[in-house]
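Dropping a structure here in structure tokens format, bear with me for questions.
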């Protein structure tokens, strides 16, 4: 599993202009099962996505296609982690240590 943290690098106007396309991109990844949760940070200087997967290269390729990245209004920090403990409702996403 991955934590994808985007931090805005451009003015709020430029971020807002790219937001509709970014939200379509996010919705597409929810629809294909790649994302578990997402939302804006508080204060609103970016956002966070919980992404499913175990292939960092694929995650990096996916992030590179985010309209926020294409428009040059943000940059991602990608953190991989093992979700070895979860709430009962998230048991299906629980991972085992290698």
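Positions of Cβ are set from backbone N, Cα and C atoms, glycine also.
Grabbed the feature section from TrEMBL, which reads as follows:
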DOMAIN    1-81  domain 'YCII-related'
What mean pLDDT does the predicted model reach across the domain 'YCII-related' (1-81)?
98
Write out how many residues of the domain 'YCII-related' (1-81) are helix, how many strand and how many coil, based on DSSP.
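Per DSSP, the residues of the domain 'YCII-related' (1-81) fall into 33 helix, 26 strand, 22 coil.
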